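Structure record follows, encoded as structure tokens.
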Amino acid sequence: MSKYNVLIVGSGGREHALAWKVKQSQHVQNVFVAPGNAGTGMDATNVDLDPADHDAVIQFAKENNVGLVIVGPEAPLVAGLVDALTDAGLRAFGPSKAASELEGSKVFCKNLLRSADIPTADYRTFRSADDASRYIKDRFSEPTDPVNVVVKADGLAAGKGVVVCDTRSEALEAIDRIAARKEFGAAGKELIIEERLTGPEVSVLAITDGETIVTLPPAQDHKPANDGDTGPNTGGMGAYCPAPVLDEETLAKVESSILVPVVHAMKRSRRPFKGVLYAGLMLTPAGPKVLEFNVRFGDPECQPLLMRLKTDLVEVMQAVVDGKLEETGPLEFDPRPAICVVMASEGYPADYEKGHAITGIESADKMENVKVFHAGTQRVDGEVVNTGGRVLGVTAMGDSISAAKLQAYKAVREIRWQGAWCRKDISDKALVTADKA
């Protein structure tokens with residue numbers, strides 16, 4: 001079979017990890033990333049394309065022998081880039097615009113879960129800040145009453161449109177930010193207030209062609225900004241894979257009671273799902289329940305997952321595009337666990353400083369079983385500088401989770417820029433689980 005070129009759409013740590021893994025495929029000649037970052041520019045070829053400009057993406061793919069387009073982030077998926085590529089006769093990995101509603105609208109997702117009898121938190125939806133505020137005030141009469149609810153913007157908000165509330169005033173403030181002040185723009189045209197679930201969180205990803213499902217090893221993300229899972233939510237400050245908190249028996253239950261029913265429900269609603277299905281779950285005393293669904297690889301979960309993957313990723317993605325996933329064998333993973341520590345810019349997840357030169361990436365990359373995946377970086381005048389909130393995903397493998405953690409943080413200490421910071425406790429939850437086992 002002749003080799004072909006692959007185009008990856010996006011510019012984050014997930015896209016750098018995808019480019020790094022796709023480059024290893026025996027079927028691939030060149031890897032292009034649009035628009036990419038400083039790291040993808042080292043492992044692949046960056047292309048100055050706006051993912052929102054569908055015609056430009058199509059034109060580039062047609063002119064450059066692109067045999068597969070991989071759409072990384074949620075925004076271009078929700079905007080229908082895969083549909084545009086497919087209509088133009090190109091092969092694209094990722095769900096259609098209609099199927100991407102599973103992430104693009106939390107209201108759509110919750111209603112689908114309810115109709116398919118898939119376990120999730122009880123919820124109410126609201127179209128106005130006044131109605132939502134009235135609901136909170138009616139339920140909780142005193143300003144200091146504990147409320148235990150979660151307020152969510154309906155649309156995409158870069159992982160920050162979810163506010164976990166402990167008091168009535170916090171819930172009212174969240175409603176005001178999302179639905180009145182429109183901090184997340186059109187994402188706040190509707191909002192959800194749902195019961196707060198308790199238990200450990202875990203991410204289970206699966207690859208599906210709409211018929212066959214291949215479940216991947218579970219990973220655990222760290223959304224809150226600060227150690228001990230405190231502080232505001234972020235896009236994710238680190239992850240590890242596998243997650244020992246989810247045993248084989250529970251993983252099989254997640255597949256049969258959550259993943260398979262969702263794929264069937266999407267098919268019934270004439271939105272067949274092809275691509276990566278990401279279930280964000282809470283392991284409650286009553287069993288696993290869905291917090292959210294995403295329609296792409298998680299970022300940063302993608303980094304440790306792909307570091308462990310031994311199977312040719314491009315062959316799996318081609319099988320999904322062709323509707324032949326059942327013909328691929330089981331995926332092979334390195335038995336060693338991997339951990340990704342996100343290094344962020346000062347001020348993130350609020351306003352952050354950028355444009356500072358970063359040193360030490362090369363020496364960190366040379367360390368055994370370490371790969372530094374770039375996110376918010378660019379090369380300016382020969383230097384790598386920070387241009388985003390989440391800047392690097394320092395990823396390491398080890399014979400145990402504690403060994404992987406040690407190696408990842410050893411690599412983190414090599415890297416410097418003004419205001420750089422990270423959480424110091426990524427994977428500690430896994431170490432606690434392992435100690436109890």
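Numbers here mean position along the shown chain, with the first residue as 1.
Glycine too: its Cβ is placed from the backbone N, Cα and C atoms.
Here is what Swiss-Prot says about this protein:
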{"type": "DOMAIN", "residues": "110-322", "note": "domain 'ATP-grasp'"}
{"type": "BINDING", "residues": "142-203", "note": "ATP binding site"}
{"type": "BINDING", "residues": "E292, N294", "note": "Mg(2+) binding site"}
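Where Swiss-Prot records a feature, it is marked here on the structure.
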residue : record              : CB count, 10 Å
E142    : ATP binding site    : 8
V150    : ATP binding site    : 20
A158    : ATP binding site    : 14
D166    : ATP binding site    : 12
A174    : ATP binding site    : 25
K182    : ATP binding site    : 14
E190    : ATP binding site    : 21
T198    : ATP binding site    : 9
E292    : Mg(2+) binding site : 18
N294    : Mg(2+) binding site : 22
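In this structure, V150 (ATP binding site) is part of a beta strand by DSSP. E292 (Mg(2+) binding site) sits 12 Å from V150 (ATP binding site), counting Cα to Cα. For the pair D166 (ATP binding site) and N294 (Mg(2+) binding site), the C-alpha distance works out to 26 angstrom. The two recorded residues, T198 (ATP binding site) and N294 (Mg(2+) binding site), show a Cα separation of 20 Å. Reported as a whole number, the C-alpha separation between N294 (Mg(2+) binding site) and V150 (ATP binding site) equals 18 Å. Each residue in the domain 'ATP-grasp' (110-322) has a pLDDT score, and their mean in this model is 94.
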